[in-house]
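If you check TrEMBL, you get these features:
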- 1-112: region 'Disordered' (REGION)
- 1-27: compositional bias 'Polar residues' (COMPBIAS)
- 35-59: compositional bias 'Pro residues' (COMPBIAS)
- 69-83: compositional bias 'Pro residues' (COMPBIAS)
- 143-196: domain 'Pre-mRNA processing factor 4 (PRP4)-like' (DOMAIN)
- 318-350: repeat 'WD' (REPEAT)
- 359-400: repeat 'WD' (REPEAT)
- 401-442: repeat 'WD' (REPEAT)
- 443-484: repeat 'WD' (REPEAT)
- 485-527: repeat 'WD' (REPEAT)
- 528-569: repeat 'WD' (REPEAT)
Amino acid sequence: MEVEMENTTLSVTGESSIPGSDVQDQNPVSVQPTLPQPPQPVIPPVITPVVPPLAPLPAVPSSLVRPLAPLPVRPPVVRPPVPQNGEAGSSDSDSDDGADTRINKGTGEYEISEESRLVRERQEKAMQDLMMRRRAAALAVPTNDMAVRARLRHLGEPITLFGEREMERRDRLRMIMAKLDAEGQLEKLMKALEDEEAATSAPKDEAEDDLQYPFYTEGSKSLLDARINIAKYSLVRAALRIQRAQRRRDDPDEDVDAEMDWTLKQAANLSLQFSEIGDDRPLTGCSFSRDGKGLATCSLTGASKLWSMPNVKKVSTFKGHTERATDVAYSPMHNHLATASADRKAKYWNDQGSLLRTFEGHLDRLARIAFHPSGKYLGTASFDKTWRLWDVETGEELLLQEGHSRSVYGLAFHHDGSLAASCGLDALARVWDLRTGRSVLALEGHVKPILGISFSPNGYHLATGGEDNTCRIWDLRKKKSLYTIPAHSNLISQVKFEPQEGYFLVTASYDMTAKVWSGRDFKPVKTLSGHEAKVTSLDVLGDGGYIVTVSHDRTIKLWSSSTTDEQAMDVD
């Protein structure tokens, strides 16, 4: 930058006055700036030394004159070049920090860069997707697969896709309904649903408001009859159990503690009585008959075998499954038994080896099975995340019960017959009321899958064992866990209460042992060691005198107390 200044005039005159002389010299210095700038600081005058007028006054050289101080200069404002035709406009702001927004000279509004615009579009799209998902979760979608198919057909969508499962079909319907809602076609959807409901339940318009849909679906007439029969059966059994407990409490001759102490003493004396090779491949399940004269086992070969008690001699072999057998259970009312297999089927046999019923319907392999105390119904747990209830006489599927987020592995029935308990790989145990179909308890506490579950005959204790190596005792009255037993050094494969009074509990584990625990304080009573591989299952005879275990070492081991051995020898 150059600063232009106009010429200034400097006037120097000398008049001096010396005492005794008529000579006077005056040298005033005046500076007269003619610049248009603001007033400048006053510069003090420059006084030249007084010289006698003996010679002509020489001209004052310019080097002797003190220069003026430079004026303060304001930094120039750099203006960008004016855009020509075809060139992009530039920003009018004074900042040059690369901002993404510019001011439009014509409209005075901010202009957004391409990058910012793309970011905003992505944010808006993500927000729209989030809102659509929230809306989809809020929409009521049928839980019954037939209702899902009917609604898809009514909306003009394919009722099923290749390889699509029930839950996937339901999720697809939810997304379709959410999409229609997002596109502003919710009215059309609601009208279609109203027409569908009007076509299916025209005379029940007044009762639609009381329908708690979709939490419950209508069951069959046979299921209703089964629930009524179970209610009648369980009420009688529960009354007898409570009556007996009151009598034992009030009767001075009844000493429950002494009886329990005697039973635990017998359990502490358990020893190995028989060991027999059960099959060519690992054994997976075992069960005593109701009279204690028979024993059933199953193995990975798919075959089940009957053995006589107490000598463990093979009686017969049942073959009917095409895959490995996973469990076997004797009926509590007859000498009939049921077997489960990885071929997704359960079979019902008589004691002669004749096949009576085949229960088909599960979508994945079966795990454990159990009979209802009445002997009329059979429960099966499966890796398809459901457990089902079957009518033994007709072979009809009465109930398909969902509720677990992962595979269902264990199943047990209350001794009264009113409740069922299921456990699975989701580390959750659920208690179901068979008379109403409701899930009355969800027992959370295990941190790994639960593999074994059992009700106590006292009516209010429930035992679970799983892959976290612990056994938990739950009190159904308090709805919480009472004891956590660090039972084994490996996963627990099965748990069983002594079936008459529940005086002790037995657990089987992959650490190659089975252990007996007190039913009073759940302290260890006895460790049954002898297997050379994982113990997969166990069962306890009605009076607690015998315990049987089966293992991956292919052996059946029968444990009994010394007094039981003596009694058996006397009978022989």
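Every residue gets a Cβ built from N, Cα and C, even glycine.
These figures come from a predicted structure and were not determined experimentally.
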The average per-residue pLDDT within the repeat 'WD' (528-569) comes out at 84
Relative to the repeat 'WD' (318-350), the stretch among 359-400, 443-484, 485-527 with the most Cβ pairs under 8 Å is 359-400
In the same chain, residues at least 6 away from the ends of the repeat 'WD' (359-400) whose Cβ sits under 8 Å of its Cβ atoms read 219-220, 222-223, 226, 229-230, 233, 237, 285, 323, 326-334, 338-348, 406-417, 420, 422, 424, 434, 437
Residue counts for the repeat 'WD' (528-569) under DSSP, helix then strand then coil, are 8 helix, 20 strand, 14 coil
Near the repeat 'WD' (443-484) in space but 6 or more residues beyond its ends, with Cβ under 8 Å, are 238, 241, 245, 406, 409-416, 419, 421-431, 490-502, 505, 507-509, 517, 519, 522
Secondary structure of the repeat 'WD' (318-350) by DSSP, residue by residue, totals 0 helix, 17 strand, 16 coil
Secondary structure split (DSSP) over the repeat 'WD' (485-527) reads 0 helix, 23 strand, 20 coil
